[in-house]
Amino acid sequence: MKQSTRRCLALLFVLPMALTGTTAFAAELVVSAASSLTNAFRDVARAYEAAHPETHVVLNFASSDTLMRQIVQGAPVDVFASADQAAMDQAQAQGMLAAGTRADFAANQLVLVLPASSAAHVDSLKDLLGARFKRVAWGNPASVPAGRYAQRVLERAGLANALQPRAVLAQNVRQCLDYVSRDEMDAGFVYATDAALARDRVRVALRLDSPTPITYPIAIVADTAHASDAESFRQFVLSADGQTVLAKYGFLKPP
Amino acid sequence: MSPDIWQPLLLSLKVALWATGLNLLLGVASAFALSRWRSRLGNLLDAVFTLPLVLPPTVLGYYLLVLLGRRGAFGAWLEHWGINPVFTWQGAVIASTLAAFPLVHKAARAAFENVDAQLQSAARVLGLSHPAVFFRVSLPLASRGIVAGALLAFARALGEFGATLMIAGNLPGRTQTLSVAIYSAIEAGDEAGAATLVVVASLTCIAVLLLAGRLTRGHAPQRVA
């Protein structure tokens, strides 16, 4: 018994070690991309690898702010794709971007979504003041870019104060989408790409023009050891092929 | 699209086992030292050792990143030796170890303080050296508490997310642990995949804790009536 348990313990340690070795590729490109790009960039990376079989793209998804902090602290990242200009601005201010490589590669749109089961009819944002809308969700403007866009749109419509008592502020845009798709909220503000992911659970009631365009910047990290691969990946994202993949996930062309 | 389960599972096991092993060494040492060294400074240290439980994991991860990143003071020194824990599984071990450390330290300290001082004195009088007293009297008598702390630490390490995502990143097959894979599946809108991973993580934790309970049952000293 004693020996067998010891063997069992040893196996428990050794097995994970043995099985998690990594395959070596000729060139490995680490791309840090905002988590809202998860599906789109997985596809982009697959398409890129198909065209460049010598390169392996390693995707690192997290919030744009987390990715920016990792890069600023010297994490080995080659390309940064942010969902938000502010995070890219900070990386640039810290001198982390290769000069002349920053470009907008996609745009998004803010939409008002209702639960799929909702019978409400919405013609304009003013309709949110109706008795039917008891709770409306958007991202916390202090920390969620989508929430900042929603706040600005509501302020421009002169509704921000009137809606405040009904507001539920979400910690990220996906949480906001989740609230609405579970019928916990009567309406919510999310990106068009999020709404497209939950097509069967939410209904897009309004497409909104944001006072500031919602654009996604990409850039090469100054410290990269794979400058030419990084540039070729960046070019691919901006190319017609890359844009086709992004469009499939509801991203728009940058203005 | 169902996410790959084996890689995150094995990686999580590897990271959690390493973190538990390291914490057994670190936590037992710190607990034993502080159970002996009773002073204001000792109490202050004890409080400081509890901080990983208080701070949000992302904050913990951020400071780890600042400390160990290439641009950090300590990280620059490590880089000099060719070591960069950022975006590696070892980075995940560091994050999990730190997050779970208070659980071993606290449990072990309470266990050491519950050991009857007279037994240790008797062992000294009977001629055992200090290390021998520690290994043959104090440690065996405290082992129940230590094991309980270690099991909690394992569970905590297996679930670690915030600090891990910060310092180890989310590189599939390399630093994507179960918790991070669940986050990625949710972000991708893949709720079925996320649910699968949640079941795997839960079953793994239950299985390992049950196994550990069985393995350690026979080893703890029996209470004498």
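From the backbone N, Cα and C atoms, a Cβ is placed for every residue, glycine too.
On a predicted model such as this, the values are computed, not experimentally measured, just so you know.
Annotation comment: TrEMBL describes B:9-212 as domain 'ABC transmembrane type-1'. What TrEMBL records for B:15-35, B:47-66, B:86-104, B:146-172, B:192-213 is transmembrane segment.
Comparing B:15-35, B:86-104, B:192-213 for CB pairs under 8 angstroms to the transmembrane segment (B:47-66), the maximum falls on B:86-104. The transmembrane segment (B:192-213) shares the most Cβ pairs under 8 Å with B:146-172, out of the stretches B:15-35, B:86-104, B:146-172. Counting residues 6+ beyond its ends, the transmembrane segment (B:15-35) has Cβ neighbours under 8 Å at 42, 45-46, 49, 89, 92-93, 96-97, 100-101, 103-109, 111-113, 134, 138-139, 146, 149-150, 153-154, 157-158, 160, 164, 177 in the same chain.
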